[in-house]
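Per TrEMBL, the features are:
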| type | residues | note |
| --- | --- | --- |
| TRANSMEM | A:25-48 | transmembrane segment |
| TRANSMEM | A:60-81 | transmembrane segment |
| TRANSMEM | A:101-123 | transmembrane segment |
| TRANSMEM | A:165-189 | transmembrane segment |
| TRANSMEM | A:201-223 | transmembrane segment |
| TRANSMEM | A:244-264 | transmembrane segment |
| TRANSMEM | A:284-305 | transmembrane segment |
| TRANSMEM | A:317-344 | transmembrane segment |
| TRANSMEM | A:364-385 | transmembrane segment |
Amino acid sequence: MSEILWQILQHVQGYIYPNEVEVNWSVLIALYPYITGLVAGAFIVASLERIFKVEAVKPTYRLALLTALAFLLCAPLPLVAHLGHPERALEIMMTPHLSSAMAGFGFVYAWYLMAVLLIELYFDYRRDIVMWSQEVGGIKGFIYKILTLGDYNISDEAVKADNKIVNIVTVIGLPSAAFLHGYVGFIFGSVKANHWWSSPLMPIIFLFSAMVSGIALVLLIYIASSYIRGVELDRACTDTLANYLLYAYLLDLSLEFMELAHLFYTQEEGIDAIRVLITDKLFWTFIVIQVFLGTLVPIFLLILARTGIFRFNVRKWIYIFVTTLTLIGVFAMRWNVVIGGQLISKTYLGYTTYIMPLFGPESLSLALAIWILPFIILAVLIKLLPPWEHPHEWEKTETE
Amino acid sequence: MVSRRKFLAVIAAVAGFASFKRRVAAQEPVEGYDWNRHKYAFVVDTTRCIGCGRCVRACKIENEVPMKPFYFRTWVERWVWLKDEEGPKVDSPNGGFDGFPPTYDERMISKSYYVPKLCNHCDRPPCVQVCPVGATYKTKDGVVLVDEKYCIGCRYCIQACPYGARYLYPADGPRETRRNTADKCTWCYHRITRGYKPACVEVCPVGARKFGDLMDPEDEVRKIIEERRVQVLKPDMGTLPQVYYIELDSEVR
Ligand code: SF4
Ligand code: SF4
């Protein structure tokens, strides 16, 4: 680490406090809100269908839930890997200091994982799991037997009851998902010492960009998995998700605009430093990637796709392109908040630089590994709990 | 004025590390010490500081702060206002550890001064508020400390301190138990609980740094805060710092 600090010292501009050379929250901490954002966003896609009864997106309901779970399981990894003393990580739950926004993480996380996502998945899949446990043998069958938790009752009544539970959990889950991510935004927004972070809008901005990224992720995984399985895309589903992506984008854009407008209009102390931060230090990641490629271009293309001048085959490619850009753009947003906020000195008189090591702790390779892991987990989950086999089970029993 | 400063700086540089003898092993407060009977405060007289850097050196030795230019419990800044230029020029090469080279043409300087910095031991410390495990805490006598056995190294407190007073003790630092935990000025807690002054105060050749007890009516620091016009850093942050500056320029932050 020290060698990199020597290097960074050469790039320090203006005057910064001597302790500020090191960027303390690294790429891993940028990855953390990115992943929790994807969780919240994917869950919101699933809830769309359950709560708001958006028929069209049904084919992605279970896929979205599994995606949320896969990413949620990985959400604490960047945090723990980043700690100076990872072996003490559990202290945050054993002896939490409750005035700290961060102390709630373990509880919010556990609540969302245990009380929402796992319960919802269990009751949604229960009937299928029971059936699979009877059909399949070997290790897989054994796993299904465990997953039934000993409850083999799949009478109509039981399944109906399952459904009710899922509906209730979804209603609890939606605000929980919003809270999980809004809360991450609060961790940054409440740091008054940092002008680039300190804003009451921060949790809401985080939430809406989470929705954007979550919808994009589910859409992209849906397209990719259909391709892999050799199945036709459900057009209504694809187009509807793309529409929701557009709406989420428009809300997200207006919030971010409001935030910037407020910053520049009120012209509080440090505004000159922030101007330089945006136009110089973060030019590529903020102006080019986040705003232009990650927001304006996708919005433009989504509107274009909506006009209906393209055939579905072309639209499909537009969606692939747009969702990829979105995922990159939202990561850039996290990067600009987390890393960007530390480049600017609390003196407002200077800047440090961030150099990301390729290997070792808090490095690019570790971040990539943590980023790939949820996809592997998702693949396993999909193998174990195929989200497409009986996609409309719960709905059938309701109408029967 | 300038020549007096230079003269003192030379003396101080010569005196260097060697003169700093009364070292106390860094450890817990002594037995019998009652923290209910003290309330400490620190005063910095910016009209006196000569930028010799003895305090920075003394602090690093006393507290086993790594000798690299990224880690400081205390440092000294030079603020220079040049004629016909709008903003101030600020620097702190190696935190002022080696003193300050004469960078500016003296005829162009309209005013200049040195500002020693350290943890402000805020009465409403954001670092204490944000620590998720309570490793950073405020003692009854007004000192903000970090429990190195408890700190998980999340660095939230470093982000929350508006004064850049904290850093992460590096993995290759000399004090093993402190590695990868947050570190900061403790006002030399191991010294003051034994009735000594903090190391930086002790070595300052011009008395620019003063340390005292607000509960002692005869205390110099208490009298200064009561009788003179003093100012704190970034008062708008609402942190209620307990390091008071005499004749601080409003630009300094
Ligand atoms: S100056 Fe910083 S480290 Fe010291 S008490 Fe205040 S917030 Fe905490
Ligand atoms: S780095 Fe240590 S002292 Fe600072 S907030 Fe985290 S646990 Fe607390």
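Each Cβ is built from the backbone N, Cα and C atoms, and glycine gets one as well.
Just so you know, TrEMBL annotations never went through curation; they're auto-generated.
Same-chain neighbours of the transmembrane segment (A:101-123): 39, 43, 65-66, 68-69, 72-73, 75-76, 79, 92-93, 147, 149, 162-163, 165-166, 169-170, 172-173, 176-177, 179-180, 183, 186-187, 190, 385, counting only residues six or more beyond its ends whose CB sits under 8 Å from a CB of the stretch. Using a Cβ-Cβ cut-off under 8 Å and counting only residues 6 or more beyond its ends in the same chain, the transmembrane segment (A:165-189) has close neighbours at 32-33, 36-37, 39-40, 43-44, 46-47, 50-51, 68, 101-102, 104-105, 108-109, 111-112, 115-117, 119-120, 123-124, 197-207, 210, 337-338, 341, 394. Here the transmembrane segment (A:364-385) does not touch the transmembrane segment (A:244-264). Their Cβ atoms form fewer than 3 pairs under 8 Å, with each pair 6 or more residues apart. Comparing A:60-81, A:244-264, A:317-344 for CB pairs under 8 angstroms to the transmembrane segment (A:25-48), the maximum falls on A:60-81. Taking Cβ pairs closer than 8 Å, the transmembrane segment (A:60-81) reaches residues 28-29, 31-32, 35-36, 38-40, 42-43, 45-46, 49-50, 89, 105, 109, 112-113, 117-118, 120-121, 124-125, 177, 214, 217-219, 221-222, 225, 237, 241, 361-362, 366-367, 370, 373-375, 377-378, 381-382, 385, 387-388, 391 in its own chain, all 6 or more past its ends. Long-range neighbours of the transmembrane segment (A:317-344) within the same chain, counting only residues 6 or more positions beyond its ends whose Cβ lies under 8 Å from a Cβ of the stretch, are 20, 23-27, 29-31, 33-34, 37, 188, 194-197, 202, 209, 212-213, 216-217, 219-220, 223, 238, 242, 245, 249, 270, 273-274, 277, 281-282, 285-286, 289-290, 293-295, 297-298, 301-302, 304-305, 310, 351-354.
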